[in-house]
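TrEMBL lists 22-47, 59-81, 101-119, 140-162, 195-224, 236-259, 271-293 with the feature transmembrane segment. The annotation domain 'G-protein coupled receptors family 1 profile' is assigned in TrEMBL to 40-291.
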Amino acid sequence: HNVSSYNTGPFTLSGIPGLEQYHVWISIPFCFIYLVAILGNSILLYLIAVEHSLHSPMFFFLSMLAMTDLILSTTCVPKTLSIFWFGPQEISFPGCLTQLFFLHYSFVLDSAILLAMAFDRYVAICSPLRYTTILTPKAIVKIAVGISFRSFCVFVPCVFLVNRLPFCRTHIIAHTYCEHIGVARLACADISINIWYGFCVPIMTVIIDVILIAISYTLILCAVFRLPSRDARQKALSTCGSHVCVILMFYIPAFFSILAHRFGRNVPRTFHIMFANLYVIIPPALNPIVYGVKTKQIRDKAILLLFPK
């Protein structure tokens with residue numbers, strides 16, 4: 001048989017299994033948190049764009065993080081809300097592949113941006129006199145292009161691995177969005193390569209990022225506690241504190257979701273899917289709040305923007 005014909009039919013996203021009767025109620029906090037994510041990241045991008053005092057490498061990487069968070073949440077949440085409000089929704093096979101790619105691409109890119117921000121803080125605190133010579137505009141553009149290209153290369157094979165599969169059984173996805181292994185498990189073919197590539201390559205990429213981030217902040221802390229001034233130590237720790245909060249908010253739920261999907265045989269599907277939905281919406285909403293509260297430059301500019309008098 002020509003198995004390519006199996007890929008033409010749409011999939012049906014059924015929502016959170018076991019909580020169908022509560023979808024409308026679940027949609028209320030989801031919609032509110034999504035609006036907070038859109039508004040917060042949009043304000044952050046606007047402030048960084050119009051305020052010349054924020055035109056520095058740290059805020060350039062922060063604007064990249066805000067844009068990636070907008071992509072991550074907008075890729076999944078509108079479709080999720082339509083399921084909560086109107087019941088199971090169909091999504092075309094190309095649409096499912098597109099959602100799958102941007103979801104995972106945003107995840108790997110977020111991790112790379114956090115690594116770039118850790119490197120920025122390392123240079124700023126450990127080699128302040130060389131900061132402007134190391135992080136030149138040309139170097140920043142190279143870093144941005146490099147991490148974007150790396151994230152693309154890591155996950156674009158997953159699209160082709162899913163596209164090659166024949167789907168001759170059910171087309172109902174017990175989830176609120178398309179994700180790699182969840183879609184692959186509907187195929188009537190061997191998906192071993194999908195499982196191992198989808199688990200090993202992204203995990204190894206992200207683990208390398210985590211190790212490098214940990215090394216950066218270890219060196220930063222050593223340098224901070226050697227500073228003679230108490231005010232300088234507090235300022236450095238305050239700046240790094242917001243970064244550490246964002247890093248923890250991103251990696252803890254991400255690793256839980258990935259590991260539960262691969263090894264969590266005893267994790268209830270309802271809990272897993274609910275947690276997976278929180279992962280794509282909570283960090284994008286909290287990131288601008290954390291940076292707005294912890295970073296004085298952004299806090300002052302945001303207050304002037306919202307309360308000009």
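We number each residue from 1, going along the chain as drawn.
Including glycine, each Cβ sits where the backbone N, Cα and C put it.
Highlighted: of the candidate stretches 22-47, 101-119, 195-224, 101-119 has the greatest count of Cβ pairs under 8 Å to the transmembrane segment (140-162). Residues 16-17, 19, 30, 33-34, 36-37, 40-41, 43-44, 62, 65-66, 69-70, 72-73, 75-77, 80, 103, 110, 174-177, 179, 242, 245-246, 249-250, 253-254, 256-257, 260-261, 264, 299, 302 of the same chain lie 6+ residues outside the transmembrane segment (271-293) yet bring a C-beta within less than 8 angstroms of a C-beta in it. When averaged over the domain 'G-protein coupled receptors family 1 profile' (40-291), pLDDT in the model lands at 84.
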